[in-house]
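A.B. asks: So Swiss-Prot has the following annotated:
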ACT_SITE  Cys142  active site, acyl-thioester intermediate
ACT_SITE  His233  active site, proton acceptor
ACT_SITE  Glu235  active site
BINDING   Lys163, Ser192, Arg247  substrate binding site
SITE      Ala111  site 'Important for acyl-CoA specificity'
SITE      Ser192  site 'Important for substrate specificity'
Amino acid sequence: MPIRIPDQLPARKTLETEGVVVMDQSRSARQDIRPLQFGLLNLMPNKQRTETQFARLIASTPLQIDLTLVRVADPLSKSTPEDYLQNFYSTWEDVRAKKFDGFVVTGAPIANMPFEDVRYWPEMLEIMDWTQTNVHHTMFICWGAQAALHHLHGVKRYRMEHKAFGVYRHKVLDTRHPFLRGFSDDLAVPVSRYNDIDRQSLSPDLDILIDSDEVGICMLDDRKYRAAYMLNHLEYDNTSLADEYHRDIEAGLDTPLPVNLFPGNDPSRMPENRWRSHAHLLFQNWINEIYQTTPYELEKVGTGEW
């Protein structure tokens, strides 16, 4: 079912060729149901690839969703032209008065930097607080998840001895949780991070949903702040990890082969996507839970009144 995105957004053609139903504004205006309002705060330099990955998953439900692409005031992007940002993205200041049913905060390639040294950290603090008054439920991804856990719960992170890089088996700890309905008992998840979070610093308001003996916690649910934290990358394409590997090799970096990615550990071969179905199922479940619990009157989002 449909997602509504800007008519000229390049991701539109990619999504349509994959069979994703993309709706234009004139068609959506004739429907009587209230579209769900979702925002995507895209912190990645390659905006087009990231927005396509998340739009693909957000579009996988029978619900009409209006997706607003959001960026911080600092463009962050050397690979995305300014006119592209002007045409398709709003700054957070542009949308801070709006209400959203769902909001996604992506990762960012700044894993080795203390949070407080990130140049847009003051704006991130405002955004994370703003989700409590203007968003019904938020999903934080990778660095975004670590940042939110640090700010909202004081969760500590630490640098691992070796980068977790590849596709790892994970255990589902609560198959009855609304976000994990239909999940198998274990799943393959793409991982690319240097840091992990300290379990001992988790607050009682946080429930671990997906975990791994090899690379640590994958996903948590936050009952207090209406949020989910996905520390890894179910949204990734087949080639996301492979592209990262080849990029680093070409740059002369000593990069290990991604674990369990290439068939026969041959980096010339196309990786197989073994996580796609769980990625779609996670977003279907998450969006359905939002649909079931969000106020019909959008202005009541974040007020606790409906």
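The chain as shown is numbered from 1 upward.
Heads up, the Cβ atoms here are built off N, Cα and C, so glycines get one too.
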A.B. asks: In whole Å, how far is Ala111 (site 'Important for acyl-CoA specificity') from the residue listed as 'active site, proton acceptor' when you measure between their Cα atoms?
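C.D. replies: About 15 Å separates the two Cα atoms.
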A.B. asks: What other residues of the same chain, not counting Lys163, Ser192, Arg247, have a CB atom within 8 A of the CB centroid of the substrate site?
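C.D. replies: Sorted by sequence, the hits are Phe165, Leu241, Glu244, Tyr245, Asp248, Thr255, Pro258.
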A.B. asks: Among the recorded positions listed here, Ala111, Cys142, whose Cβ has the fewest other Cβ atoms inside 10 Å?
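C.D. replies: Lowest Cβ count within 10 Å among the recorded positions (Ala111, Cys142) is Ala111.
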A.B. asks: Within 10 Å of the Cβ of Glu235 (active site), how many other Cβ atoms can you find? Include all protein chains, please.
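C.D. replies: So the number of other Cβ atoms within 10 Å of Glu235 (active site) is 25.
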A.B. asks: Let's check the environment of Ser192 (substrate binding site): how many other CB atoms sit within 10 Å of its CB?
C.D. replies: 20
A.B. asks: Measuring Cα to Cα, tell me the gap between Ala111 (site 'Important for acyl-CoA specificity') and Lys163 (substrate binding site) in whole angstrom.
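C.D. replies: About 11 Å separates the two Cα atoms.
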A.B. asks: Would you kindly give the Cα-Cα distance separating the residue listed as 'active site, acyl-thioester intermediate' and Ser192 (substrate binding site), rounded to the nearest Å?
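C.D. replies: Cα to Cα, Ser192 (substrate binding site) and the residue listed as 'active site, acyl-thioester intermediate' are separated by 9 Å.
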